[in-house]
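According to Swiss-Prot, the features are:
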- G79, N110: anthranilate 1 binding site (BINDING)
- G79, 82-83, S87, 89-92, 107-115, S119: 5-phospho-alpha-D-ribose 1-diphosphate binding site (BINDING)
- S91, E224: Mg(2+) 1 binding site (BINDING)
- R165: anthranilate 2 binding site (BINDING)
- D223, E224: Mg(2+) 2 binding site (BINDING)
Amino acid sequence: MQAIFNKLFNAQTLTQQESQQLFAAIIQGELSEPQLAAVLISMKLRGEQPQEIAGAAQALLANALPFPRPDYTFCDIVGTGGDGANSINISTASAFVASACQIKIAKHGNRSVSSQSGSSDLLAAFGIALDISAECARSALDEIGICFLFAPHYHLGFCHAMPVRQQLKTRTIFNILGPLINPARPPLALIGVYSPELVEPIARTLLVLGYQRAAVVHSGGMDEVALHAPTKVAEINDGEIIHYQLNAEDFGLQRHPMSALKGGSPVDNHEMLSLLLQGRGKKAHADAVAANVALLMKIHGQEDLRHNTQQALETIHSGRAYERVIALATRS
């Protein structure tokens, strides 16, 4: 381990295997707090590289509680959080809408990072249990078409890093690992990142991790597809990364200001998302969710973004997405 420390302290990049070895030791509690702090800051100052991020993700996945992975195609739609936008929870709403569009979703989520209501906070408000077994989650995925995997339930080793992360009070590699360590290991994903500088390295990381097809996005300060600014996209397809930009017009939608997506208290966010999923929400909310679902559908093989957007909007207005919420809550 000292050889790995020395490489980091000399601003050298770790191999994927070295990073995997290092993070396996971290989540097993083998590093002291000063050692862990030094490691995280050394990587942050140099800039974490794709093979290091991939190695860390592989260590966390190897040590996660197992999930019975299905043999059919399924997706994740998730963001890093931490964008500071305090928006409504678009990725969680999009997961329900995508599911109602017949796309299987195994969504990995956690408590809030920067908004007042993360995906798990919102699910709890809907009466959806967070601590169900992997077998029950798989059953929900099979029968309803959607399940949620609560990160702390699967990644118990995170607790060893938490005291240092709280003391450092700065972003580290742990802030970008969440979307990469879904224990269901989905072959397809739409991943939002909190900074445009992360789009390329996370896309390269997804290639290393073996995703079949995925898109990494950032838009005007938000970790998702947004309609107030161009969305920067790096799409993984057939082992290649394709870069492009999307605007509201590409989805057949009008632009909305970022302020139109502003969230509130957990109670407010729950009410706004409830109305949205029942087809009675604000137009800006419905359009934002439809755009994200449309891109996820493209990743799923449905290439026409405008057609996808209209299908998503019709699903939202029908209230079918809310039926998925009720079905999951009933199982809880």
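The count begins at 1 with the first shown residue.
In case you wondered, yes, glycine gets a Cβ from its N, Cα and C as well.
For E224 (Mg(2+) 1 binding site), the spatially nearest entry among the binding-site residues G79, S87, N110, R165 is G79, judged by CA separation. Taking Cα separation as the measure, D223 (Mg(2+) 2 binding site) is nearest to G79 of the binding-site residues G79, S91, R165. Taking all protein chains in view, 17 other C-beta atoms sit within 10 angstroms of the C-beta of the residue listed as 'anthranilate 2 binding site'.
Between the CA atoms of the residue listed as 'anthranilate 2 binding site' and G79 (anthranilate 1 binding site) there is a gap of 19 Å, rounded to the nearest whole number. Counting every protein chain shown, the number of other Cβ atoms lying within 10 Å of the Cβ of S87 (5-phospho-alpha-D-ribose 1-diphosphate binding site) is 25. Most buried of the binding-site residues S91, D223, judged by other Cβ atoms within 10 Å, is D223. Counting every protein chain shown, 28 other Cβ atoms lie within 10 Å of the Cβ of G79 (anthranilate 1 binding site).
Each of the binding-site residues H108, N110, E224 was scored by the other Cβ atoms within 10 Å of its Cβ; the lowest score goes to N110. According to DSSP, D223 (Mg(2+) 2 binding site) sits in a coil region rather than a helix or strand. Under the three-state DSSP scheme, N110 (anthranilate 1 binding site) falls in the coil class.
Calculated from their C-alpha atoms, the gap between S87 (5-phospho-alpha-D-ribose 1-diphosphate binding site) and N110 (anthranilate 1 binding site) amounts to 16 Å. N110 (anthranilate 1 binding site) sits 12 Å from S91 (5-phospho-alpha-D-ribose 1-diphosphate binding site), taking the CA atoms of both as reference points.
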